[in-house]
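S.K.: Shown below is the structure under consideration.
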Amino acid sequence: MGTNQTFERVKKLGENIVERAKKISLPLFDDVPLYDVALFFWRSIVDGSITTRASAIAFSFFVALFPFIIFLFTLIPYIKIPNFQDELFLFIKQIVPSSTFTTIEKTLIEIITIPRNDRLWLNFLAALFFATNGLAAMMSAFDATIHSIQRRSWWSQRVTAIYMLIILSVLLTVAIALLTGGQEFIKYLDRINIIRDDFLVVLLTISKWIITVSLFFFAYSFLYYMAPAKKTKWRFISAGGTLTTVLSILGLIGFTYYINNFSQYNALYGSIGTLLIILLLMYMMSLILLIGFELNASIYQARSALEE
């Protein structure tokens, strides 16, 4: 008798939650009930081959990553800002897992300190080709959603990829400038005795990271806004962009902690372990990127179903 009563209570609680979800809508859900969005979102995650699509994006970005990074880093020796190279080196050391950084340290120093005029244009062309391929693969993975949305043509996809690459490059440059120059600016204020309170130093440092997170949020929002075809664009500040930003931060913190404390990739595979770590990180970020996109697509599909 007690078991039956417990079951009935749980069942009634579930029914109440469902009824409540049918009547409420979360911010950025375009007044679509939470229940309707959840149904479409669950279907897209379960039946949408999301892990396969994430693998395709991760591989494409993995191939594009190195030419693009090498090109950006070949520009760094030409930047004549005092201590810029040193600050950038310290920043990379902070965000890259220590086991991985040990492997790339020597190569990194050579790239950011020695100008290479003969390789600049070659690196630019290679970066442009592989980066646009990666973004095109991402848009193809977006198009593979089970939800019926408008799809881009091959030519439109390539043109959009170039445009997106330009915007993302600007955002990446601004983010690096804020992270490297911001720390130097705080030290400068401290040297001239404008900053006399430790709390103010902490506050400025937190503000720098808030701005950086905002830039990443803007980048995700831009991807979700530009990647879908013109007729199916959703709002720029979207639920998917917000979810992706939060999951990315949590994922990066957890991934870095795991690599630094539990991972044995380098011990097992040597230098190849570094590539595995990078590929796993890109797979995780691609999966998060698709989850955010599927949330936006689910909201769009649920809204369309209600309007019919």
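Each Cβ is built from the backbone N, Cα and C atoms, and glycine gets one as well.
According to TrEMBL:
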TRANSMEM  56-79  transmembrane segment
TRANSMEM  120-139  transmembrane segment
TRANSMEM  160-179  transmembrane segment
TRANSMEM  199-224  transmembrane segment
TRANSMEM  236-259  transmembrane segment
TRANSMEM  271-293  transmembrane segment
S.K.: List, by number or range, the same-chain residues at least 6 past the transmembrane segment (56-79) whose CB is under 8 A from its CB atoms?
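M.R.: Those are 85, 88, 108, 111-116, 119-120, 123-124, 126-127, 129-131, 133-134, 137-138, 140-141, 169, 172, 278-279, 282-283, 285-286, 289-290, in sequence order.
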S.K.: Please indicate, using numbers and ranges, the residues of the same chain that are 6 or more beyond the transmembrane segment (236-259) and have a C-beta under 8 Å from a C-beta there.
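M.R.: For the transmembrane segment (236-259), the far contacts come to 26-29, 95, 97, 99-100, 213, 216-217, 220-222, 224-225, 265, 277, 280-281, 284-285, 288-289, 291-296, 299.
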